[in-house]
Amino acid sequence: MLSITILFLLIAEGSSQNYTGNPVICLGHHAVSNGTMVKTLTDDQVEVVTAQELVESQHLPELCPSPLRLVDGQTCDIVNGALGSPGCDHLNGAEWDVFIERPTAVDTCYPFDVPDYQSLRSILANNGKFEFIAEEFQWNTVKQNGKSGACKRANVNDFFNRLNWLTKSDGDAYPLQNLTKVNNGDYARLYIWGVHHPSTDTEQTNLYKNNPGRVTVSTKTSQTSVVPNIGSRPWVRGQSGRISFYWTIVEPGDLIVFNTIGNLIAPRGHYKLNSQKKSTILNTAVPIGSCVSKCHTDRGSISTTKPFQNISRISIRDCPKYVKQGSLKLATGMRNIPEKATRGLFGAIAGFIENGWQGLIDGWYGFRHQNAEGTGTAADLKSTQAAIDQINGKLNRLIEKTNEKYHQIEKEFEQVEGRIQDLEKYVEDTKIDLWSYNAEFLVALENQHTIDVTDSEMNKLFERVRRQLRENAEDKGNGCFEIFHQCDNNCIESIRNGTYDHDIYRDEAINNRFQIQGVKLTQGYKDIILWISFSISCFLLVALLLAFILWACQNGNIRCQICI
């Protein structure tokens, strides 16, 4: 009966709605049931309340024609467009920020090669416009406007419309041609010219009379002299001959001299070069849509504010930096310690050392209290704002560091320059590896600092409360203080807002701290009483059993015989 009575009292005390103990105030921080894992300098898996993904992995399945001007080469690459190949007439006068070359582009005229193809391609792409200026060239005693069956325009034999194929005259003459053009303008001129390589000696003399022919093009600072390479080659569009195209830039005040005795594919004018233009070229099969984006890749456009992307290493204009990582998360909240399902026996509240608080939704840091008036929770906005300001500043600085305009184009080399191509790819791979490592390190460093900052703000808040309460309360070691004086909700609020005056309550707190109180059912006393109750119950049970045996023996109901 005694043990049952004691257990009943314990249960009744635990289920009571009225709190009769000393007031308690606890400090805590926000928590969520499922946080986000981030990497720091010291740990690969740290759970935080919130984090921001820094790597963009989504792209649009199209190229955006705004705000950048895109020109679709369609079946023409940029060099064929500059030469004026049939099927490229839509590029006449075209202007672009990004010239889109298609993998399906084909040559549609006389078979040709460009010995320095990539340089010419780059010059044309960077220029951003096909601004062709026609000029008058006085060629003497030669036939002009040669045509070829390999170069059909509207099913009629034609030729590159920016070039003039010179052949011998009807009088079987091809005298020495020597022509000079002076650049009196204020811009650089790009001249594209060519040399025809016949397939046989007969073709050479039939076209130019002179065998061998020769073409020499000179400026004040350069000279290129080419002797035709006569010989049979594989047939392409019905032709075994070839044309080699060259290019010469003539600066303002310079001049260009054409000297030939045959085989010259002469220019009809020049392209105006714009040194201020920063256009480029992109080789991709992705269609042009109607979206808006400043970043283009060979896989589509990217629309994002994130500083990194792992979509493509080939990117144009205002693009995030390419990194190998699929994810880099920047902590934007504090360390997450999910709240336990139960907080000790009989609903005891706990502070930040044990866990976070999932109910603290209007701030990062806050208070919980328990007194005679009940329990309550309130956020501390000052410490919350201090942490947010520091984290926001870190986020802005990180984006500023990494959000430089990044432009990485695909570089190609002729097969003869294979070693250079391998070296270039090695350098690019090394740069990407280095930047990927730097990005990961930078994010880990910022995450470490973020967690340290938020932990520091929690400790600052705890120290502020401890200095206010001083000897009026006892630190319970779990982020809570037990207050040794009566503290109603107004008193609790003064602790929260920093206006608490410990001198007002000092005498009461000291008296209560040393006063001999009645038995207090703390966790330790409850255990002792339970053990005492259990022992007494066992003793009473044994005593009752012995008394029954003695009574039965006296009445003869039980006989006890002892044999020796």
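Quick reminder: no glycine exception, Cβ is built from N, Cα and C everywhere.
Since this is a predicted model, take the numbers as computed values, not measurements.
Summarising the annotation, Swiss-Prot assigns disulfide bond to Cys64-Cys291 (among others) and lists sequence analysis as the type of evidence. All protein chains shown were included, and the count of other CB atoms within 10 Å of the CB of Cys291 (disulfide bond) stands at 15. Under DSSP, Cys291 (disulfide bond) is assigned to coil, being neither helix nor strand in the three-state scheme.
Taking Cβ-Cβ distances under 8 Å and a sequence gap of 6 or more within the same chain, the neighbours of Cys76 (disulfide bond) are Ser85, Gly87, Cys88, Leu91, Ala105, Thr108. Sequence annotations record features per position, and here Swiss-Prot assigns disulfide bond to Cys76-Cys88 (among others) based on sequence analysis.
In the three-state DSSP scheme, Cys151 (disulfide bond) is classed as strand. The Cβ of Cys151 (disulfide bond) lies under 8 Å from the Cβ of Ser85, Pro86, Thr108, Cys109, Tyr110, Asn157, Asp158, Phe159, Phe160, each on the same chain and at least six residues away in sequence. As annotated by Swiss-Prot, disulfide bond applies to Cys109-Cys151 (among others).
According to DSSP, Cys319 (disulfide bond) sits within a strand segment. A sphere of 10 angstroms centred on the C-beta of Cys319 (disulfide bond) encloses 25 other C-beta atoms. Sequence annotations record features per position, and here Swiss-Prot assigns disulfide bond to Cys295-Cys319 (among others) based on sequence analysis.
According to Swiss-Prot, the feature disulfide bond maps to Cys487-Cys491 (among others). All protein chains considered, the CB of Cys487 (disulfide bond) has 25 other CB atoms within 10 Å. Cys487 (disulfide bond) falls within neither a helix nor a strand when secondary structure is assigned with DSSP, and so counts as coil.
Among the features that Swiss-Prot reports, N-linked glycosylation site is placed at Asn18 (among others), with the record citing sequence analysis.
Using a 10 Å Cβ-Cβ cutoff, Asn34 (N-linked glycosylation site) registers 7 neighbours. According to Swiss-Prot, the feature N-linked glycosylation site maps to Asn34 (among others).
When secondary structure is read from DSSP and collapsed to three states, Asn178 (N-linked glycosylation site) falls in the strand class. Within 10 Å of the C-beta of Asn178 (N-linked glycosylation site) we count 11 further C-beta atoms, all protein chains included. The annotation N-linked glycosylation site is assigned in Swiss-Prot to Asn178 (among others) on the grounds of sequence analysis.
Asn310 (N-linked glycosylation site) falls within neither a helix nor a strand when secondary structure is assigned with DSSP, and so counts as coil. As annotated by Swiss-Prot, N-linked glycosylation site applies to Asn310 (among others), with the evidence given as sequence analysis.
Annotated N-linked glycosylation site per Swiss-Prot: Asn497 (among others), in sequence order. Taken residue by residue with DSSP, Asn497 (N-linked glycosylation site) is part of a helix.
Neighbour count (other Cβ atoms within 10 Å of the Cβ, all protein chains): 12 for Cys553 (S-palmitoyl cysteine). Here Swiss-Prot flags Cys553 (among others) as S-palmitoyl cysteine, drawing on sequence analysis.
As annotated by Swiss-Prot, S-palmitoyl cysteine applies to Cys560 (among others).
The S-palmitoyl cysteine annotation in Swiss-Prot covers Cys563 (among others) and is backed by sequence analysis.
The signal peptide annotation in Swiss-Prot covers 1-16 and is backed by sequence analysis.
According to Swiss-Prot, the feature topological domain 'Extracellular' maps to 17-527, an assignment based on sequence analysis.
Positions annotated as topological domain 'Cytoplasmic' by Swiss-Prot: 549-564.
Counting neighbouring Cβ atoms within 10 Å of each of the disulfide-bonded residues (Cys64, Cys88, Cys109, Cys295), the lowest count belongs to Cys64. For Asn497 (N-linked glycosylation site), the nearest of the recorded positions Cys64, Asn178, Cys291, Cys491 in terms of C-alpha separation is Cys491. For the glycosylation sites Asn310, Asn497, the largest tally of other C-beta atoms within 10 A is found at Asn310.
Less than 8 angstroms from the CB of Cys491 (disulfide bond) sit Pro23, Tyr500, Tyr505, each of them six or more residues away in the same chain. Put simply, of the recorded positions Asn178, Asn310, Cys319, Cys487, Cys553, the one whose Cα is nearest the Cα of Cys64 (disulfide bond) is Cys319.
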